[in-house]
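Enquirer: Please see the structure below; I have some questions.
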């Protein structure tokens, strides 16, 4: 009886670890450049939240132009 219980316990551990690995997969960060000039922080955040359903955005300097980039979890 203990042999079957040990095999079952090992199987359950592998199953739980496999499920945990599947949930973390696909959580890479994707980026989208929305505005290519004249970035305003509040507008950038609003546009990113509307387009990507709650994901934030930020302004960054792209050469001599302020651009808006959105960061969001990639969908696989």
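A Cβ is built for glycine as well, from the same backbone N, Cα and C atoms used for every other residue.
Because the structure is a prediction, the values reported are computed rather than measured.
Below are the features listed in Swiss-Prot for this protein:
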- 1-26: signal peptide (SIGNAL)
- 30-74: disulfide bond (DISULFID)
- 39-59: disulfide bond (DISULFID)
- 44-68: disulfide bond (DISULFID)
- 48-70: disulfide bond (DISULFID)
Enquirer: At the level of the C-alpha atoms, what whole-angstrom distance separates residue 59 (disulfide bond) and residue 68 (disulfide bond)?
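Expert: Pair distance, Cα basis, whole Å: 4 Å.
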Enquirer: Spatially, and counting Cα to Cα, which of the disulfide-bonded residues is closest to residue 44 (disulfide bond)? Options: 30, 70, 74.
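Expert: Nearest in space to residue 44 (disulfide bond), counting only the disulfide-bonded residues, is 70.
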Enquirer: Pull out the disulfide-bonded residues from the set 39, 48, 68, 70 whose C-alpha sits within 10 Å of the C-alpha of residue 30 (disulfide bond).
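Expert: For residue 30 (disulfide bond), the disulfide-bonded residues whose Cα atoms are within 10 Å come to 70.
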Enquirer: Whole-number Å distance between the CA of residue 48 (disulfide bond) and the CA of residue 68 (disulfide bond)?
Expert: 9
Enquirer: Using C-alpha atoms only, work out the spacing between residue 70 (disulfide bond) and residue 39 (disulfide bond) and round it to an integer in Å.
Expert: 12
Enquirer: Through the lens of DSSP with three states only, how would you label residue 44 (disulfide bond)?
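Expert: Reduced to three states, the DSSP call for residue 44 (disulfide bond) is helix.
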Enquirer: Rounded to an integer, what is the Cα-Cα distance in Å between residue 74 (disulfide bond) and residue 68 (disulfide bond)?
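Expert: Just about 18 Å between their Cα atoms.
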Enquirer: Would you say which of the disulfide-bonded residues 68, 70 has the most Cβ atoms within 10 Å of its own Cβ?
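Expert: The largest 10 Å Cβ neighbour count belongs to 68.
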